[in-house]
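Enquirer: Before I ask anything, let me first share the structure, which is written out below as structure tokens.
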């Protein structure tokens, strides 16, 4: 599996590089970084004390010419540039980027008609199993329970609520036969009045080096149920991304998520 990594000098990029280097079936063939990054020209394995022979570069086409797969956990604007390159070079994509607008997501859907893409806000096995638990719980706590989603991440995260929190909200709303767009409440401030029981609330915490904590609260009268997933390391995301690469090896086109990769549909 000839794999290139986007955002190679970042926290997630480095975790992905390490995972690829430790996988006997994978070969690191490219490492993309943003233009102007001080890491450009460095060996991709320098942070591990390894000489991989792969240098960090901002030459998108040069990297795509070497790769069969690109793993991308960057930002929407960068990811869309990589999608264009994937179409030019027929490279399959594993995308963990969050913060896309509806219009940007439409670009991914269109691209998937020509190349195979796994697009998931969270690629950990635990989170994706949690989504199934939430669907089950929502069906049984549909009446008399208020639903709130609380997420916490490190101080550097730029979007809120997190993509994972939105995935959880969509899982719950879907199980209840609702559209998240119609029932989500993002944060509360001032005099808000009584809570509308049909809503799903979101709260976001940012601080320190929190990798990712997510809790879905079903609050009833006399009891509350909390379903929580906590990430202590990004390694689970990296391992999930490699599972997604293996899944794509048997696909030529189509847009998939981790529920497809893990056979949870």
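Even glycines carry a Cβ here, placed using N, Cα and C.
So Swiss-Prot lists these for the protein:
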ACT_SITE  153  active site, proton donor/acceptor
ACT_SITE  157  active site, proton donor
BINDING   7, 8, 9, 10, 11, 12, 33, 96, 97, 98, 120, 121, 122, 123  NAD(+) binding site
BINDING   34  NADP(+) binding site
BINDING   154, 163, 164  (S)-2,3,4,5-tetrahydrodipicolinate binding site
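What's the neighbourhood like for these features in this structure?
Expert: The C-beta environment of residue 153 (active site, proton donor/acceptor), restricted to residues of the same chain at least 6 apart in sequence and closer than 8 Å, consists of 162, 204, 205, 206, 210, 211, 212, 213. When secondary structure is read from DSSP and collapsed to three states, residue 153 (active site, proton donor/acceptor) falls in the strand class.
Residue density at residue 157 (active site, proton donor): 17 other Cβ atoms are found within 10 A of its Cβ, drawing on all protein chains shown.
Annotation for residue 33 (NAD(+) binding site): spatial neighbours 7, 8, 9, 13, 39, 40, 56, 57, 58, criterion Cβ-Cβ under 8 Å with sequence separation of six or more.
Remark: residue 34 (NADP(+) binding site) has 7, 58, 78 as non-local neighbours, by Cβ distance under 8 Å and separation of at least 6 in sequence.
Within 10 Å of the Cβ of residue 154 ((S)-2,3,4,5-tetrahydrodipicolinate binding site) there are 13 other Cβ atoms, across all protein chains.
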Enquirer: In Å, how large is the greatest distance between any two Cα atoms among 7, 8, 9, 10, 11, 12, 33, 96, 97, 98, 120, 121, 122, 123, the listed binders of NAD(+)?
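Expert: Spelled out: the longest distance between any two Cα atoms in 7, 8, 9, 10, 11, 12, 33, 96, 97, 98, 120, 121, 122, 123 is 22 Å.
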Enquirer: When you average the Cβ positions of 154, 163, 164 for the (S)-2,3,4,5-tetrahydrodipicolinate site, which other residues in that chain have a Cβ within 8 Å of that mean position?
Expert: 98, 121, 122, 151, 153, 157, 159, 162, 165, 212
Enquirer: Using DSSP, would you call residue 164 ((S)-2,3,4,5-tetrahydrodipicolinate binding site) helix, strand or coil?
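Expert: Once the DSSP labels are grouped into three classes, residue 164 ((S)-2,3,4,5-tetrahydrodipicolinate binding site) ends up as helix.
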Enquirer: Since the record lists 7, 163 as binding-site residues, which of them has the fewest other Cβ atoms within 10 Å of its Cβ?
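Expert: Relative to the other binding-site residues in 7, 163, 163 has the fewest Cβ atoms within 10 Å.
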Enquirer: Over all shown protein chains, what is the count of other CB atoms within 10 A of the CB belonging to residue 120 (NAD(+) binding site)?
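Expert: Taking every protein chain into account, the count is 26.
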